[in-house]
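Record features, source TrEMBL:
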- A:8-391: domain 'Glycoside hydrolase family 42 N-terminal' (DOMAIN)
- A:105, A:143, A:323: substrate binding site (BINDING)
- A:109: Zn(2+) binding site (BINDING)
- A:315: active site, nucleophile (ACT_SITE)
- A:401-588: domain 'Beta-galactosidase trimerisation' (DOMAIN)
Ligand SMILES: [Zn+2]
Ligand SMILES: [Zn+2]
Ligand SMILES: [Zn+2]
């Protein structure tokens with residue numbers, strides 16, 4: 001499939017007179033795709049039951065006539081004001097018990113049945129009207145599920161739904177009481193109707209209670225999306241996508257992705273570095289205009305897995321955004337770099353958000369390809385350059401990487417439910433493994449926890465997967481590559497209990513976690529020969545060979561050629577050593593890359609990226625700031 | 001008018017037996033004014049409709065008989081407990097939806113019609129009883145409007161009032177939808193009755209929605225005050241004042257001030273430095289016992305403008321206060337310095353808060369001129385010294401300063417609504433300009449945004465006035481002095497949209513802000529030849545001469561002899577350069593003052609103040625710590 | 001009385017088949033005591049009125065048969081879920097007005113009469129069933145009153161109870177208005193029914209209002225406990241205890257303790273250092289695996305006073321806990337050290353919490369003596385070592401210390417109500433005095449504010465006792481030892497007013513606090529000859545001899561051989577100087593101990609403890625990390 005570009009457009013924001021000129025300029029810039037519609041419900045249905053499709057018909061016609069392909073979004077992220085009068089209890093409720101009111105977007109609770117029906121209704125009408133439209137070449141459901149912390153809702157609808165979900169999962173209340181260990185503080189229920197939501201408890205709720213509520217909440221997102229997908233698929237053969245948001249982990253993207261044909265995500269490198277990467281101030285300063293050198297790549301690899309090979313960047317940052325604590329301009333060249341990086345990781349398309357900067361409302365300080373006065377913004381030239389460069393570039397060709405890294409949303413919730421130490425997060429743990437692999441020049445495949453065929457992987461990492469499902473446990477145990485487990489891998493059963501025999505209870509590797517501790521950030525435990533444990537450390541009882549140990553001789557990484565277990569959260573130096581050691585064992589070649597330089601291989605090409613604002617010498621030659629090299633293998 | 005001193009007194013707090021002795025000591029200390037009454041509603045009307053004026057009659061008599069002039073305050077900041085039973089919904093509501101309960105003060109919502117009527121009623125009775133009293137020489141409405149964050153209320157009364165206000169402003173709902181850009185996220189309303197308050201939204205509300213709610217909230221304060229003023233003016237010819245609180249910017253002090261004869265403010269230099277100046281720790285440490293050297297002066301100049309020349313300090317800190325995070329004692333001499341500084345800026349009177357430290361209730365650790373045991377507190381001697389010094393001092397003589405600085409409350413709300421970067425505030429921006437002017441030894445007039453006659457000003461600054469009203473735009477454009485605009489000046493239309501052509505769209509100066517960014521505090525952008533941009537930077541498209549530029553050669557300050565535009569938030573060194581450069585252009589002489597030394601000129605005198613705790617050599621001679629020099633011009 | 005060990009056990013958490021083996025292993029390990037029952041209400045009464053005692057009968061039998069003595073806890077900290085349906089308004093309410101819901105523990109409001117009756121009912125049944133059981137050798141009421149911030153509740157039940165309590169205390173509403181100074185801001189009430197709770201006020205409530213609400217809230221805890229004690233005492237002659245929690249000061253432990261025979265407390269040295277000691281980061285780092293060297297000792301001495309000589313550690317941390325920000329493992333040897341330290345301070349028993357780590361629910365990461373798989377955890381060996389060492393140790397022999405330190409809960413509330421400066425707390429002040437005494441090698445007795453016989457004490461400290469009751473004032477004034485008062489001692493009358501004549505108004509010492517200030521942490525005021533004032537400083541008017549002064553010559557500590565007054569919060573060096581100076585005056589010998597080394601004397605023994613992770617030379621010989629020396633006197 002050809003690599004393509006696109007943009008996000010809001011015809012309803014602009015006078016109809018300029019649509020045609022906009023469309024022409026998009027096509028001239030080399031764009032293929034234009035996403036529309038996803039916030040336009042009040043324009044489509046200004047009054048309940050009164051549908052205005054004409055403007056959308058015309059918008060699609062104009063865009064299609066210019067040779068553009070339309071991605072049509074369902075408008076369910078922004079129900080109109082009248083919807084709240086119709087369903088006053090459809091609003092999500094925050095942890096303090098306050099309703100999350102109308103006035104921005106995503107003002108609905110996924111558990112609310114009335115709103116689910118409304119979402120069903122508008123989707124059906126839209127699908128039936130445009131399902132056979134020749135210009136509608138793809139679909140998007142809703143917009144950024146979970147953005148603005150909208151997965152978890154403590155509403156009455158959620159409470160009622162959770163009780164049914166529990167009844168379905170556990171069958172009878174005694175089974176639930178036993179699974180959760182409710183005897184602990186006399187928390188036993190006599191019926192499912194007694195179960196309340198785990199907010200506003202005097203001290204922390206039972207982690208099993210919280211974890212199941214997180215699972216339920218994720219399932220509600222999947223259920224909500226499934227209704228839309230079914231209606232669209234019934235009316236259209238165009239692929240269906242959803243645009244996931246970076247580091248939104250409150251619902252299971254893999255489970256939702258199973259119902260889609262294409263996974264897309266919204267990539268805001270500078271905004272993310274400021275508000276969610278979690279780096280220290282020096283790193284944030286050094287990359288303030290470039291973004292973290294691994295954060296986007298991680299998501300690219302993640303959504304390649306979520307989309308089973310088919311994925312896009314649906315929203316690509318083209319300049320300063322409006323929503324981070326600080327909103328700098330990108331270093332010249334970064335918009336091009338980000339775009340090529342997505343292609344290097346296998347993207348089919350990259351769409352810039354947004355076509356023209358809006359002069360009004362919440363995102364009026366969010367840059368577009370055009371300025372509010374319709375002049376080209378700086379990103380336009382970089383987009384056009386990529387469009388030109390794409391002309392002689394090969395098609396998207398997925399290739400399996402030598403290394404697999406398991407990513408499990410259930411584990412992310414488990415660490416959030418029970419971090420044990422401040423700041424310990426599953427996403428952070430996996431991401432730090434990913435960064436170490438990238439620093440070693442290794443291309444990585446991210447795989448879901450229900451992955452069972454690890455053929456071809458020389459090295460597999462499964463850190464922090466707190467509950468290791470039987471199928472994954474057995475697939476990893478039978479993998480031909482080396483498998484590295486831990487820390488905390490297999491630490492809980494499905495009901496959030498510590499299993500006995502104690503974790504990780506691996507076949508063929510004698511290692512038991514007998515005690516574990518979390519550590520202050522200022523008390524690293526040094527490793528012999530370099531690096532340190534930070535934040536989290538397990539005591540291992542083991543007869544296995546010691547691969548890494550503390551200066552006091554306590555085992556940290558133990559294992560053999562087939563598998564290993566790491567009982568610690570290692571710092572960057574420690575992770576570099578772990579990666580080097582296991583890569584050598586598994587015959588995966590590694591590199592030592594200059595700071596901020598990254599490389600990625602597809603089946604046919606090798607890419608080099610300079611994420612720094614300085615010129616750097618790399619094995620692939622000297623790269624200017626924000627420089628890229630692409631060469632055939 | 002003669003410069004005078006006064007104090008704030010609460011006869012209702014003390015046994016009637018000591019009133020006469022108190023009054024005698026006030027007069028002996030050289031005080032002219034005594035403010036009373038503003039918290040005494042429960043003493044006046046202990047039960048609804050049962051009025052006890054007798055004690056107040058006697059208190060005024062006693063004070064008047066001692067030769068003191070009374071400032072009589074309406075008691076509406078402290079409605080009695082029974083009022084809440086009568087109007088349970090009169091309480092303000094916080095952003096989380098909780099009522100702000102009885103038990104301290106300011107427990108009312110400005111939008112509540114029932115409470116407005118009660119305020120009307122008590123004011124009318126008070127005005128009619130004391131309007132012709134020979135000792136009542138001035139009035140005060142309420143107390144510190146807006147203190148304790150009381151302007152904005154998310155009550156039902158506010159919601160209802162806001163809808164009417166919007167209907168009045170916009171006429172029909174489509175006009176509002178268009179002005180706000182509600183199409184953006186399907187936020188369109190079908191009627192004004194659908195508009196809710198902008199709190200508890202899922203993510204940020206529309207900035208236009210928030211900005212209009214701030215404007216509405218300010219208008220309610222003005223409306224509330226107007227009712228009192230009308231009643232008092234109908235019964236009394238004594239001047240009417242209100243005591244504004246430092247850095248309370250949530251309502252428009254100019255608009256409210258139009259209804260008053262005298263503006264007064266409450267000056268707590270040490271408390272302010274701890275809780276609202278916003279200085280860094282080193283500065284807070286260095287001035288912990290003196291207060292910021294510019295913060296009081298800024299407010300003096302502001303209230304001179306608010307009062308159209310007539311202004312007082314109604315509450316002057318005389319020792320440690322009780323309400324800041326830390327409450328140190330002033331350096332000896334500072335109470336005198338603060339008092340003289342107010343006179344240097346044109347104050348008619350300075351009143352010390354309070355006469356005697358109260359041994360009970362919330363402010364029991366707030367110093368007075370007397371200790372709780374009626375002995376003199378340390379401030380008494382300094383007040384008496386000022387009284388003596390005033391004997392041979394000239395009268396208050398207003399004089400126009402060479403430099404004007406626009407201060408616009410609407411702009412302050414706009415920056416609060418949309419700071420774009422953490423910590424960027426309009427007040428902060430204007431205050432940093434003010435400090436730079438003061439470091440250069442320049443006396444400054446602050447002017448309101450409806451000022452249209454800039455005759456006599458050699459240099460005019462209008463930084464950050466996000467919406468530039470037509471009249472101001474045209475007045476500045478026609479000013480004879482040099483006008484310096486920006487950053488963000490003229491960046492929004494009246495409805496909070498980015499205008500096209502893009503800002504600032506100045507007549508006769510070719511400069512366009514094509515992109516803007518906010519910056520982490522740790523990533524200043526250096527200026528060529530010294531200083532830096534911090535926090536906020538615009539990209540300027542311009543053919544105008546470049547007056548300041550970045551090290552990379554990007555324009556920062558551009559302009560000619562008549563006007564200039566600064567597209568950046570400059571650090572202190574940068575602002576000093578900007579001031580020096582424009583002052584030279586405008587032929588305003590400047591000085592280089594030692595750290596912490598400030599000077600101010602009136603029509604007839606020059607004052608020098610040493611705000612440090614060290615002896616300092618100044619052009620006006622050597623000043624001891626907290627030293628003052630005053631000399632005729 | 002023989003020193004003994006024990007543990008906390010939850011038979012309801014485990015299959016009945018393993019009880020006997022558990023009991024056998026407890027006895028084999030040398031344990032005497034086993035506490036059970038305190039969280040088991042839902043097991044005892046799964047449905048209202050249906051009582052299941054059989055399992056508890058059998059558990060007590062099994063434990064007793066193994067030779068163990070049972071401490072039986074009432075289960076009122078964990079009412080079952082059905083209780084909430086019966087009494088929906090029994091939940092406590094937080095300061096924002098939200099109910100604190102079911103789902104963990106301590107979900108009840110002490111003011112709720114319905115729940116008090118339920119607590120009465122279950123206690124009566126339990127007392128009557130087991131009051132004569134030969135194995136039940138002691139009782140515990142509820143569990144950790146006040147833990148999780150549960151003393152203060154803003155419920156309707158609390159509001160109603162508070163009104164009655166006020167009516168009882170003040171008799172008529174005018175007396176209350178006068179005592180609180182409600183005239184201040186027209187806060188006067190016309191009847192007790194108008195008094196509301198002091199939360200959600202616009203700015204701070206009247207401190208007198210808050211202080212009385214704290215006193216009321218404390219009284220409710222005492223009342224709640226009294227009901228249980230009466231029922232147990234009616235049915236059993238075994239001693240009754242409660243397990244207090246470290247640094248929970250919201251209720252008066254002395255008042256509650258009067259109704260008990262034994263005071264116990266729950267000692268979690270590592271958790272406390274992380275979440276409540278309040279030390280700086282360097283100290284937290286240095287003692288992360290050992291705990292603060294004084295925090296446990298302080299509580300030991302406190303509960304020796306609360307229990308009038310009879311006290312235990314009911315829960316001793318045996319490994320990492322689950323609830324602190326960071327949860328490290330103890331240094332090897334510390335479990336033994338903590339145990340012996342308790343005995344050195346006079347404990348009768350030390351019980352490890354818990355027997356076996358639970359694999360489920362909230363505390364699944366809280367270590368026990370056994371791992372979840374029933375293997376010995378590391379603490380087991382240390383417990384067994386202590387058991388062995390106890391064999392030849394003498395009995396518990398209380399001995400009066402040479403120095404007394406007053407601890408007053410009412411003063412703690414007063415400082416919390418009115419700290420005057422951020423971070424100033426009464427507990428912190430007293431604890432820093434205690435640390436200085438310990439650094440000087442001095443054994444200390446903590447005494448309650450109703451202590452009147454100070455015979456035998458050479459030196460008595462009463463810092464920060466803001467309201468000095470008449471009896472204490474007179475007892476101190478007549479004490480034979482030197483009494484050191486201040487800062488803030490005697491600063492308020494019983495109704496939270498500043499008394500006149502001004503504080504401290506001591507008999508025989510001419511000193512008056514004429515002004516006071518709080519200081520930023522970065523502006524210490526240096527003492528002449530070393531040390532400094534930090535955070536809080538009083539101006540003293542005095543003719544008494546100056547014992548410590550500032551570098552500017554202002555008096556800080558003044559006094560004579562009989563008594564002294566310190567008008568400042570001193571840093572560690574300053575407190576060391578104060579202690580040395582007064583100890584010399586009072587002929588109390590002092591030592592200079594190495595960092596982290598502490599010593600304590602009983603009537604017959606001297607103990608030395610090394611709290612560091614390094615070997616240290618001490619006057620009692622070289623101690624290894626976590627080392628102990630015990631020698632007869
Ligand atoms: Zn987006
Ligand atoms: Zn005031
Ligand atoms: Zn406990």
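Each Cβ is built from the backbone N, Cα and C atoms, and glycine gets one as well.
DSSP classifies residue A:109 (Zn(2+) binding site) as coil under the three-state reduction. For the recorded positions A:143, A:315, A:323, a Cα-Cα cutoff of 10 angstroms around residue A:109 (Zn(2+) binding site) retains nothing. Those recorded positions from the list A:105, A:109, A:315 that have a Cβ under 8 Å from chain B Cβ atoms: A:105. For residue A:105 (substrate binding site) paired with residue A:315 (active site, nucleophile), the C-alpha to C-alpha distance reads 17 Å. Under 6 Å, Cβ to nearest atom of ligand 1: this is the test, and of the recorded positions A:105, A:109, A:315, A:323 it is passed by A:315. The local packing around residue A:323 (substrate binding site), expressed as other Cβ atoms within 10 Å of its Cβ over all shown chains, amounts to 16. The Cβ neighbour count for residue A:315 (active site, nucleophile), using a 10 Å radius over every protein chain in view, is 24. In this structure the C-alpha atoms belonging to residue A:323 (substrate binding site) and residue A:315 (active site, nucleophile) are separated by 15 Å. The record assigns A:105, A:143, A:323 to the substrate site; their largest pairwise CA distance measures 17 Å. Cβ neighbours within 10 Å of the residue listed as 'Zn(2+) binding site', excluding its own Cβ and spanning all shown chains: 29. You'll find the Cα of the residue listed as 'active site, nucleophile' roughly 11 Å from the Cα of residue A:143 (substrate binding site).
Each residue in the domain 'Glycoside hydrolase family 42 N-terminal' (A:8-391) has a pLDDT score, and their mean in this model is 98. The Cβ of residue A:105 (substrate binding site) has 24 other Cβ atoms within 10 Å, all protein chains considered. Other Cβ atoms within 10 Å of the Cβ of residue A:143 (substrate binding site) number 25 in total over all chains. DSSP gives residue A:323 (substrate binding site) a coil state; it is part of no helix or strand.
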